[in-house]
Protein chains: 2
Amino acid sequence: MTRIGIVGYGNLARGVECSIAQNADMDLAVVFTRRDPASLTIRTPGVPVASLDDVLSWKDKVDVLILCGGSATDLPTMTPALAKEFHVIDSFDTHANIPAHFAAVDAAAKASGHMAMISLGWDPGLFSVNRLYASAILPEGKDYTFWGKGVSQGHSDAVRRIPGVADARQYTIPVPEALERVRKGENPELTTREKHTRYCYVVAEEGADKAAIETAIKTMPNYFADYDTTVEFITAEEMKQNHSGLPHGGSVIRSGVTGWEKECHQTIEYKLTLDSNPQFTASVLVACARALNRMKDRGCTGCYTIFDIAPADLSPLGRDELLAHML
Amino acid sequence: MTRIGIVGYGNLARGVECSIAQNADMDLAVVFTRRDPASLTIRTPGVPVASLDDVLSWKDKVDVLILCGGSATDLPTMTPALAKEFHVIDSFDTHANIPAHFAAVDAAAKASGHMAMISLGWDPGLFSVNRLYASAILPEGKDYTFWGKGVSQGHSDAVRRIPGVADARQYTIPVPEALERVRKGENPELTTREKHTRYCYVVAEEGADKAAIETAIKTMPNYFADYDTTVEFITAEEMKQNHSGLPHGGSVIRSGVTGWEKECHQTIEYKLTLDSNPQFTASVLVACARALNRMKDRGCTGCYTIFDIAPADLSPLGRDELLAHML
């Protein structure tokens, strides 16, 4: 059994709790919170909630800590700090800062003889590892990543910060024609606008200037200005009824050529269709916790990513079963 | 540079030769043949063709031997025999016999301090590793593998053996409705007939009984009797013009559930669309040769499969580049 401690209890952490319940070799030992532990009720019967201040007293009772904080402010300090005391896993997803985060976590984990895995989930994570496989196999080719249809939480938050907006949900949607061209092997050059559209459902506050809100959204730099964006105003009830889930997904496509005259076209596509983005990300973290537990038992220390995990270490099945039934 | 020796010079071996030319860190050292070396002209300028009888004299000039023999009669003896003298790679694809083949190759490689990788390609190979990732991440779910649209060489050969058949090409085609139901997450139970259809293009010998040929195909046990099969007679020219390629592909789909009440449906699909089955398989072998070369330098011996390869070992990029640009 791998004994897991979860840090945090937001959407991702609750997904980790559910995933542990689906894996017979995984055991939830404790949930840590920065709030008053008495204020938190978790789903798994008999599992304690502890204060994050007391985390060190759990060192002998936890094999792997899964850190479910945010990438903007929590993980950059939390992961290196906890890697000094525990084997840790995170889902750090700010792509541009991954090298710096890796270096900080690696130094902390190596110095203390612990093992860490960072940036796990689906992007970064499964999408990344599929980009790697596909580019290694088809060295002459082009990569495309399409996201959606799905809820982008960062973009939804950005809309919610606009004055007069009571609630908002932003869906990222791949442009079907662009996807089709890539799948056909046309290797098009696509602008940001040609790859994805953005669709915003907005609940306006009473008396708010809807035209001003729409303009504020559509002209927002980085988030919306480079996209064709549609804004639709709905009621709070419609929001609750139709947009309370967090679906997401997308496709990683490598379109390449082989042959002496590069005469053959080959396409590799990896596609996710997810009802729940946080639950799926959580399921990746739990499978990786299994791998970490095995790798640290073999003496691995320092920081790793999904690129360093031999796939067999992710599976509860032994080698004989894998050879006989999965190869 | 990884110095590669190729054993054989059929479709797969010629694909390996092309793939080596696409990878700057790979070097074709020699091609071995069981025929008279003088009778063989290869594409890569300046590379010798040698008799397989002289293979031992190349021990110091080859890092990895890629064995391009057939799974029925060549590889079961060839891979263990050559694993005693070289680091070897094969594409052994008789699924039911993989455990026995693994054991034989593992014993030979371990005893002599060599490293081997077997059953590489796309099925077994990339499809297998995607089944593994997907089942580890979604432990409660169902796996589906669809093959095609593509040419099945075994089935084409079976049709060619029927009296009166001059030439034949058999395409395996997934049933679109079945694929759609799986992609929607319906988790259907599908019979063999409901998953794939078979389409045969046949060139009949002059005066042959076409009705008898069609009946012989459609009632052939194991190969066709369990499928809806269409037989179309064409001319030798049409065969040459429209069916000289070896396209293939298919999809591995995992359809699973997450959440405390299993309320969220999650689908993972890995899809290949290949103009050339042998060239793509060859490209997988060459990427794996890179991984083998690194793993043997770290002291690995014995037999491995794609399940044991950390993805980073497949890529020509170093860790810093992978972290910065691919994760």
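In case you wondered, yes, glycine gets a Cβ from its N, Cα and C as well.
Taken from TrEMBL as is:
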- A:Tyr9, A:Gly10, A:Asn11, A:Leu12, A:Thr33, A:Arg34, A:Arg35, A:Cys68, A:Gly69, A:Gly70, A:Ser71, A:Ser91, A:Phe92, A:Asp93: NADP(+) binding site (BINDING)
- A:Trp147, A:Thr172, A:Arg198, A:His248, A:Asn277: substrate binding site (BINDING)
- A:121-276: domain 'Meso-diaminopimelate D-dehydrogenase C-terminal' (DOMAIN)
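Sequence-distant neighbours of A:His248 (substrate binding site) (same chain, 6+ residues apart, CB-CB distance under 8 A): A:Trp147, A:Gly148, A:Lys149, A:Gly150, A:Val151, A:Ser152, A:Leu272, A:Leu274, A:Asn277, A:Phe280. One residue stands out among the binding-site residues A:Asn11, A:Thr33 for having the most other Cβ atoms within 10 Å of its Cβ: A:Thr33. The binding-site residues in question are A:Ser71, A:Asn277, and the one with the fewest Cβ neighbours inside 10 Å is A:Ser71. DSSP gives A:Phe92 (NADP(+) binding site) a coil state; it is part of no helix or strand. Distance from the CA of A:Arg198 (substrate binding site) to the CA of A:Asn11 (NADP(+) binding site) is 23 Å. For A:Arg35 (NADP(+) binding site), the number of other Cβ atoms no farther than 10 Å from its own Cβ, over all displayed protein chains, is 11. A 10 Å cutoff on Cβ-Cβ distances gives A:Phe92 (NADP(+) binding site) a total of 26 other Cβ atoms nearby, all chains included.
Residues A:Tyr9, A:Gly10, A:Asn11, A:Leu12, A:Thr33, A:Arg34, A:Arg35, A:Cys68, A:Gly69, A:Gly70, A:Ser71, A:Ser91, A:Phe92, A:Asp93 are recorded as binding NADP(+); their most distant pair of Cα atoms lies 24 Å apart. When the alpha carbons of A:Gly69 (NADP(+) binding site) and A:Thr172 (substrate binding site) are compared, the span between them is 23 angstrom. Separating the Cα atoms of A:Tyr9 (NADP(+) binding site) and A:Thr172 (substrate binding site) is a whole-number distance of 26 Å. The substrate site in the record is lined by A:Trp147, A:Thr172, A:Arg198, A:His248, A:Asn277, and its two most distant CA atoms lie 18 Å apart.
A:Arg35 (NADP(+) binding site) sits 36 Å from A:Arg198 (substrate binding site), counting Cα to Cα.
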